[in-house]
Amino acid sequence: MAARSAPSCHLRLEWVYGYRGHQCRNNLYYTAAKEIVYFVAGVGVVYSPREHRQKFYRGHSDDIISLALHPERVLVATGQVGKEPYICIWDSYTVQTISVLKDVHTHGIACLAFDLDGQRLVSVGLDSKNAVCVWDWKRGKMLSMAPGHTDRIFDISWDLYQPNKLVSCGVKHIKFWSLCGNALTPKRGVFGKTGDLQTILCLACARDELTYSGALNGDIYVWKGINLIRTIQGAHAAGIFSMNACEEGFATGGRDGCIRLWDLTFKPITVIDLRETDQGYKGLSVRSVCWRGDHILVGTQDSEIFEIVVQERNKPFLIMQGHCEGELWALAVHPTKPLAVTGSDDRSVRIWSLVDHALIARCNMEEPIRCAAVNADGIHLALGMKDGSFTVLRVRDMTEVVHIKDRKEAIHELKYSPDGTYLAVGCNDSSVDIYGVAQRYKKVGECLGSLSFITHLDWSSDSRYLQTNDGNGKRLFYRMPGGKEVTSTEEIKGVHWASWTCVSGLEVNGIWPKYSDINDINSVDGNYIGQVLVTADDYGIIKLFRYPCLRKGAKFRKYIGHSAHVTNVRWSHDYQWVISIGGADHSVFQWKFIPERKLKDAVHIAPQESLADSHSDESDSDLSDVPELDSEIEQETQLTYRRQVYKEDLPQLKEQCKEKQKSATSKRRERAPGNSIRLHFVHGYRGYDCRSNLFYTQIGEIVYHVAAVGVIYNRQQNTQRFYLGHDDDILCLTIHPLKDYVATGQVGRDPSIHIWDTETIKPLSILKGHHQYGVSAVDFSADGKRLASVGIDDSHTVVLWDWKKGEKLSIARGSKDKIFVVKMNPYVPDKLITAGIKHMKFWRKAGGGLIGRKGYIGTLGKNDTMMCAVYGWTEEMAFSGTSTGDVCIWRDIFLVKTVKAHDGPVFSMHALEKGFVTGGKDGIVALWDDSFERCLKTYAIKRAALAPGSKGLLLEDNPSIRAISLGHGHILVGTKNGEILEVDKSGPITLLVQGHMEGEVWGLATHPYLPICATVSDDKTLRIWDLSPSHCMLAVRKLKKGGRCCCFSPDGKALAVGLNDGSFLMANADTLEDLVSFHHRKDMISDIRFSPGSGKYLAVASHDSFIDIYNVMSSKRVGICKGATSYITHIDWDIRGKLLQVNTGAKEQLFFEAPRGKKQTIPSVEVEKIAWASWTSVLGLCCEGIWPVIGEVTDVTASCLTSDKMVLATGDDLGFVKLFRYPTKGKFGKFKRYVAHSTHVTNVRWTYDDSMLVTLGGTDMSLMVWTNEMEGYREKRPCDSEESDIDSEEDGGYDSDVTRENEISYTIRALSTNIRPMLGIKPHLQQKEPSIDERPPVSRAPPQPEKLQTNNVGKKKRPIEDLVLELIFGYRGRDCRNNVHYLNDGDDIIYHTASVGILHNVATGSQSFYQEHNDDILCLTVNQHPKFINIVATGQVGDSADMSATAPSIHIWDAMNKQTLSILRCYHSKGVCSVSFSATGKLLLSVGLDPEHTITIWRWQEGAKIASRAGHNQRIFVAEFRPDSDTQFVSVGVKHVKFWTLAGRALLSKKGLLSTLEDARMQTMLAIAFGANNLTFTGTISGDVCVWKDHILCRIVARAHNGPVFAMYTTLRDGLIVTGGKERPSKEGGAVKLWDQELRRCRAFRLETGQATDCVRSVCRGKGKILVGTRNAEIIEVGEKNAACNILVNGHVDGPIWGLATHPSRDFFLSAAEDGTVRLWDIADKKMLNKVNLGHAARTVCYSPEGDMVAIGMKNGEFIILLVSSLKIWGKKRDRRCAIHDIRFSPDSRYLAVGSSENSVDFYDLTLGPTLNRISYCKDIPSFVIQMDFSADSSYLQVSSGCYKRHVYEVPSGKHLMDHAAIDRITWATWTSILGDEVLGIWSRHAEKADVNCACVSHSGISLVTGDDFGMVKLFDFPCPEKFAKHKRFLGHSPHVTNIRFTSGDRHVVSAGGDDCSLFVWKCVHTPH
């Protein structure tokens, strides 16, 4: 049998030949200890050249491809490939793992880099987005992540001279990144004209924002900031692969084989051409270079490492070499010397010295080499080639002996016979040829038995036989030398084989897994002397087995290091070493063999540490020495805890059923009942599959769990309190070291762990997101700060948490088999143990990972199943209890001894100050001394020892003990049978709590007149429970079979019980003794009922689909009810005892008459009229509403009606207990629901007086007692029930503003489309017509006239070089709220419009701007904490949440200096609609516009997301932290108010409860304010304000406003509250009100705006002033004393602002907009001077040349002329029906041109007076008119139209001018056209969907500004006829800039916004002289 166990010898990696030079760069460095660190295959290597020694880091599970050295040069980071690749940070000195970073990248990790102080690490993934990720590597935590680039990234580096900046480069790009908050923002490097767009391969950062980079063409590109400033051409002749910066300068290495050294300013120092040196060769390519002092390390493509001493740079020293690229298959060992020969597809054959660890010979062949062999005397070396030939060389000097090619396909294997006379050659064409060595390798035979390619050969010792393996796994034998096949097994039996390298054969059966027919083992080699076998497989694993190993699935030891397939493995000639070669990693590994006898001395070579386990996990088999599992444990391991439907699935399921629900809920439904129930007592304790889940709290209460309830039991008062935060079975529980907090873990799809306070029963933290299916074990650390947990997913994941923060610290896969226990080391918080099935593992934390080592059992014991574990009195000592009753004692990871403790498993153990206590399946509690040597005392749990005060009865003696705990002078014991007992130290035992044992519980009956109930269960017991305050089990009786139903007779004397075998019995209700029993049915009895009154009949329903009716007195069956098509589920009698109502499994509701059982058909209307004695039916019209929307996945299993017929209680498959008002007609009734049971509620019953409800949990085995709190009965705290699932269908109220805000869809700037309905080909895509007069360059013709009349500029035409934002007229009030705040004691106000945050000085009106947002700002808040003064947070729109630059984001910035402090990229798709700071100012809350309206909490300074959760399915308008809290906040929205708590990383919410106020309905809530003592005020759509105490509505302030209350503000200093609403101004009312702290008294303020309705969107209160923002884009300051209003900011109410005109001589301008106003603005005074209400939307506006008249064009086709002086109308006219798009006075003031969307321009002669008769018009315009310009002489008009065409017309005739030459000679008075050759350059490449909307040329005629649909203002030179002209661009507007103009003297540019209704004034910066 020993053959099946793992061998007891061992391999230790001694040397690796090779270095990974292919496909990697920059992977070779000097460490601080002057050692060399690099990697090969899956191993990190630290090589000491001085001692010629290697150390290995083996924490990776696949190929390493990237490496970075920490700045202190001791720590190394390496990254690997794989599906779930990870990064290891390890110590190059000890080669131990320091940290593991995982769970972020996929595919692989391409680049790594540490920052300057080594705190952060950046990594780049190999995924399609090439994700860039920044880590806090010590904590294993990701700080930020962003998509890197669409193509490969080759190098990344931190800028060591600027904080938070990085540079990355790769295919055709270089990117400069800045890290702020959690946002990584890239800027692409601009190649410009300086250099070609190139692939950049490597880079290094220098001072002064300089970056040096190496390009693919061999140039070095030098960058300043993001711009390329120069190139150093021809630095190398080909691509520069590596660049290394050091103190002296830079070293570069390239594909040309050269190393160049540069000084710090990148001036060349020297060049070293490696190809020219002694060791060089053609094609040498440098992949890595490292320069330290006078040494340079070089790594090459062909896996060499050179060291160069700078002084002797032509003599490089070769310190490592390996095979080059190409698969490596050939391996042979020398028969007499310690040499190994390898041959590869790189065509080289190499001989290695195993003693000196060096390459001693190398020879290049013509063909790739696939196999090798050395003959017995060591003279000849044969090589098999890929082309079918083989070559024989002399080993001595590598000269050729012979070259033979007999085959066309690859030679896979060749071997010399032991006597040296023959050579056997196996080929891919399935033949083996035999050659005679002495006859100069003449072919002497061939073996042709195989049908597939030959894989392995072995000779017999006498050279007479050959055995082969082929690709089909067949093993064949041949006689030598002829090659005749041997088929007789007898002949072969006696053959002794000289070597064993075959993979199939009896002797190696054990190397294959038991049930597998795969052929992934590539090579084996037998060591006959050591009786071991080594194998190599496709997964990079080397295994040691015993030899021979005859039975499949033998145990082994495994060793990792190779990354992919290991192609060959051989013992050295003296069996000292094993040599293995990697196919893809081209590496040669040399392992030292340590035989068994040496192991004793070498305990230090305990299993080496690695993330992949080096011990034989998979090699489990039915080993004889593993005891069979104990039945109890066996049962437990079969529990999967999987659910068909998890509670988490309900929201999605409901979503799917939405349509069904909508149709049903259109009808008004009954309210939920007024009654509520409260959980009062639970009979039950979960012992059957849990351990150590029972503890004393600080104050001596007992805490444990059952079902989904955490129970705190007070044993003095016999009362319980409950933690009801879980929604499914709790599987584990542990107590905090201070005994006040408890952690419980539950079942779930994403199961949670709750940490809660046993005193307040409030959750402190909820941990989730890292387990699946359930959490099976938890444990606190000794300091109470950390928590370890284990999941029940397939890998039994182990997680270490910082539970207060709710953060995962580390995670690892635990084991394939179930883990029962996790324990944290009390002395070292970074260590823990897990124990479970055949498993004991010792873990330590390494960054984000955990490194586990299996307990080392040695010869002492066997690999047993561990059920419990504790730590001893030092950090090394641990103790575990096994399934066989032993206690194992461990030191470090070694088993030192075992002690027999119990018969059967040890389920629980506990460490005391001076010893231990253990409990086992044998029902004995044992006390031990502190070294487990003596058992001091035992207590047997027996009925005899029960003390008189016990609350129940022991079911049996010596029940299996599952939990033990000590405290308060007692031992607390929990048993498998669901009992909790207290053992006094002196011996007596008190039973405290008990419940049913394992097995479903269905039967429940309440007594007709006493507070007792009976239950019967599959555990084969019938029990009677006392429901009065003594809460105990009164009687119990064992049954021969389990039962599913029971019933008391009406007089309470008899109890009928239905059993599962089809029998039933009647028992005496007091003594439980049998009265009578019957067995008439085969299937289980499902319901049993006595008829009412005297109880004359007994109805017995069974799963056979029959109901039998018995006469109780005569004990005879009198009737059978037939006709049901399925099993019976419920029966009820009518009050007369004549009629039975029956429910069946097919959802039939049937009626039968007693006693004969005749079927009756009763119409449903009649059913209601029948008086029923009981109602437990779940079918029928009266209870239609109890079926949930998701009825398909969940059944309602039970119901029970109160005796007053008012309230129906139901229980369902999801564990919900619900109360409905009866009758529940109509679908989906409203209810109150309660969670406590975990899964199926199998039965519910009211007690005889309806004072209590008793419910049974089917699989949680618990009996719960609830008290019924009648309507009208009001206790201090209403019960927490969850309200109905369906959102209230009451109308939440209507208001146009609210509806618009709710339905608005925000588009991001990048996706914006054109605002005008343009058609046609864009100008830059049109074919250009050849101009007629392409004049010769020299010409006598007169010069072309000016394009533009340039006036009032004089001689100095200075171009404009920049625009600076100076003023904004506008405020976003239309769909935002609470976005105007005071700063600096009211001197400044802060608000926003478009994408700009505005700081506005109240006194001077001057503004400064925050312009870092790249899209519209939607919300703004100010931090109120004095530590964070003037800190503002703003949230913006965005598109999807891929964390790229267009993702929605929040900026936190300083309002005074506009510095960005943090940027938070959000996962809220669409945008961020609300932000709020917490009381300490450190947390920020944000709400998204995504469909789930996600709520997220951030630690904004670190950019860390703490918690996130779906908020509500409808729009949330505002969420705000309570001003005194960092954990409590409130959200309001459409028909929604929720009260939230942040617990760790979890967000818990409670819906606002309305039930306490009559007629309260859930309205749409719009605003929030707070008061003391947990008061919250919410403003509603109707104008009421709701007042909430905690989460319960306690008062309504009716009509606080007459319209929606949009804004509320809580003043922190005095608690007064400001509200703002939507109202018509009236004498007593006002749109703004100031209230006292409790919203009882108020003072109203009127806003004197002159509007018909004031709609307030934002309020804020300063010192004596109230700041108000309105829907009309006004910001008003109201004095509290005098109520005086001062308007600070004006803006247009609705946009777009199409019309814009600047005054001809003054700094005024006019704007006209959709809101029907024209406004006059003064730039110098920074204010609005005047506004005219036109009553219709205005589209265009224009000043006359003198500035005395204004023309306005309207949307309805009318135009108006006003006199500026009086604003009186001079004239108006309407000749068109459609909008006027542009209107112009001619320069001589004679004509007015009016362009409209009717494709026409009308001319009016103004000299004819205000009658305004049209004198002519332009026809034939192909599309609507956009802009018009007059010529300087008023004779021509240029018109641009909606089909991208420009036309010129004569004035006033309207004739179309076609002559290009004539047009070219016109001088224009103004230029606002976006069309024409002169402005072709303004059209950008990216304008497929978007247009340039407006343009304006400066008065100087040399500058041009444009506005476009992306919201950009651009500055060009004029004219700009070249396509895609250079320009500067200015952001700030929302999408669509609709108009733009220069003011007089070109002092300013004014731009008008479409979506943002704002006017931006930009100051022009002219070029200095």
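From the backbone N, Cα and C atoms, a Cβ is placed for every residue, glycine too.
Listed in Swiss-Prot for this protein:
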REGION    609-633  region 'Disordered'
COMPBIAS  619-633  compositional bias 'Acidic residues'
REPEAT    770-811  repeat 'WD 12'
REPEAT    814-853  repeat 'WD 13'
REGION    1274-1297  region 'Disordered'
COMPBIAS  1281-1294  compositional bias 'Acidic residues'
COMPBIAS  1326-1337  compositional bias 'Basic and acidic residues'
REGION    1326-1355  region 'Disordered'
REPEAT    1511-1550  repeat 'WD 22'
Non-local residues, at least 6 beyond the ends, that sit with Cβ under 8 Å of the repeat 'WD 22' (1511-1550) = 655, 725, 752, 754-755, 763-769, 803-807, 1280, 1287-1288, 1290, 1292, 1301-1302, 1377-1378, 1424, 1473-1474, 1476-1480, 1482-1483, 1485, 1487-1489, 1491-1495, 1497, 1562-1568, 1570, 1576, 1578, 1586, 1588, 1590-1591, 1610, 1612
Intrachain residues whose Cβ lies under 8 Å of the repeat 'WD 12' (770-811), provided they are six or more past its termini | 100, 102-103, 139-141, 640-642, 729, 731-738, 741, 743-753, 755, 764, 817-827, 829, 832, 834, 836, 843, 845-850, 852, 1506-1507, 1543-1546
Along the repeat 'WD 12' (770-811), what average pLDDT does this model show?
-> 92
Taking helix as H, G and I and strand as E and B in DSSP, count the residues of the repeat 'WD 22' (1511-1550) in helix, strand and coil.
-> 0 helix, 26 strand, 14 coil
For the repeat 'WD 12' (770-811), the DSSP helix/strand/coil residue counts are 0 helix, 24 strand, 18 coil
Could you count the residues of the repeat 'WD 13' (814-853) that DSSP puts in helix, in strand and in coil?
-> 0 helix, 26 strand, 14 coil
